[in-house]
């Protein structure tokens, strides 16, 4: 090979290598190339958090060239950032330079609203009503004495209520004066009472609540009027117990154990338990003393055992030898060395650093978390945008608002308090509510009326209400709406049940009922087919189950006493609940793991009742404080007062389109008949795995699913029929197409069945049931045949199959013999026997051998 050819090959190799390097350095269309050649996602450029090692993705030169879209606002300034237009002048600073809240026109109230001195707007109904609805109290500043109309009753506190509510056995005035004997003129109000009495294991508060009897005289008020702590003996601790500063008792072994067991933390005060020297500038001698770090290796003995003056270590820098054995950073100490790790890494085996997966920790990000080497990245779900100033995910679009119950009404308040009105006035005792955002509809339950209602939100003030459920309700404390499949779910604490119905209230079914259960609040996840509810029975718990009533189990059973409200943050996949006994807000993931206590506060969580999640905030109602509070849902910090001077605020929900994401209604989009082919209810099934059914059929109470898994039969009929036809579960998967195996009871009497007319069922469905009943009756008739006939019906098919197999074998043998070259002998005996054996007769049952004859040699010889 010549020198020129060799040089030419070297040039080609170098060009190919350069092209490969260039190809590796180039980034894809959706990526941004840092100055050092690293590629990052384009959406991370100029988001306020540097991802490039050299910081070039957040440099002023890069970000100043960013052009905002038409529906965005440019923050401008040194580093231009883009935010949604809807965040402009919303009362919250989103730009670093506050430019999104500068030059905003003053907010004006509508002609029908009252403007508070702080600029907020409230409904004129709230002015001079005895409650401070403006945070500055300006709505009650210049009010005259309250006068009630002729159709109203004046409470002792000057509040006006409808006359029909007075002396009805249900306390409506804050002071209870509407039920005082002197105001009722001796009328019997006990017979009119609508509140359910407490059980024998519960204590009836003077304020009408029911609490566990074990909570009476426990040193903590649980009743709203604190009647559970009246006339209690002074508590004294046993000799083996420690008395906390608040008077409560704990076991003596829990004092000074480095854990706070007393609520006031007094069990860890004044403890002397030194196991190491305090502060980084202290050195612990091997002999136990603590000396200043400056005295180490100063050629003077300060430790009794001279451990502060080791001759070899004091003059040696261990980091010079193989970096001290450290994988990243080595820090030389006066005695020895120490391995350190950069930010985003942790030290393992004292020498090696490994990346920390921050995304494994709950609530690292408000929504999505992307783990990177040495760091992590927070992202937002669809419908949200990362706030460049606060680094939290904010909803895009119109501002959200709170809907909450206020005893006799449902109120509506925007999050910036620019609007505060009464949405549903003149209610009796509303306790639970939920919404259907797409249809702009609200649902609520009334504890006194024992009914569930519904109304369009833009028509609600006109008293245009629809009664959804009006029968068989006792205490509907919890309510949730499946906005995808158009169903409602509610709890009833008296029978201890969870039920479901369509949003029209035509079809309903009880999904869960358990003695001793006291279900309270409920929340649904129709995207994945699950429901969750709190239960303050004995023992208290949080339960989870499918929206069709299957796979019900407990998620939380420990460190829980009085769980009230519960809510689900779909974006982060976490459940939040309040505990009125523990005065806390806690959260777990939807599988019951990664539990976290968000906030504990006996003052602002005196008696929390319900809560709602939106963006980075948690909102909750408190019936003792008669107020609504908010806090950071990740840290529990930044607690603020949202509304006060309310009348028994209980349920609260957040109304915004991002709280109810879209999903697929498989009951309407399948290839089956409408309603999934179900005769009655079509309920979503829990999506436990990739092969889980999408929905199941369900029947009303007192009826069971038939063998086709879609139509319904009365439970009475199934008892009269055979065990086989009645052993069908009331809720089954829609993917099942074969009826279950069943046994036959020969001794069961033959009883005719009639088609069942069920409310809400069509004529076609009734015909289906009748046809199936006839089929069952035909099957029943066969059971009465003699045992001999049954034996023949089983034996004959088996014999026929055996004959067919035998004939096939003979045909194969015949074919094989015909294709074999054989030698014929003249021996007549041999010839006769072989001819007989090869002679095959064909009968109507197939090929069979003829009866074999016995031939004697003596006969032939003769």
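Note: Cβ is positioned from N, Cα and C throughout, glycine not excepted.
Annotated range for transmembrane segment in Swiss-Prot, selecting from 769-790, 791-812, 813-834: 791-812. Per-residue confidence over the region 'Clustered O-linked oligosaccharides' (722-770) averages out at a pLDDT of 37. Summarised by DSSP class, the composition of the repeat 'LDL-receptor class B 2' (440-485) is 3 helix, 21 strand, 22 coil. Just so you know, the Cβ of residue 97 (N-linked glycosylation site) picks up 14 other Cβ atoms within 10 Å once every protein chain is counted.
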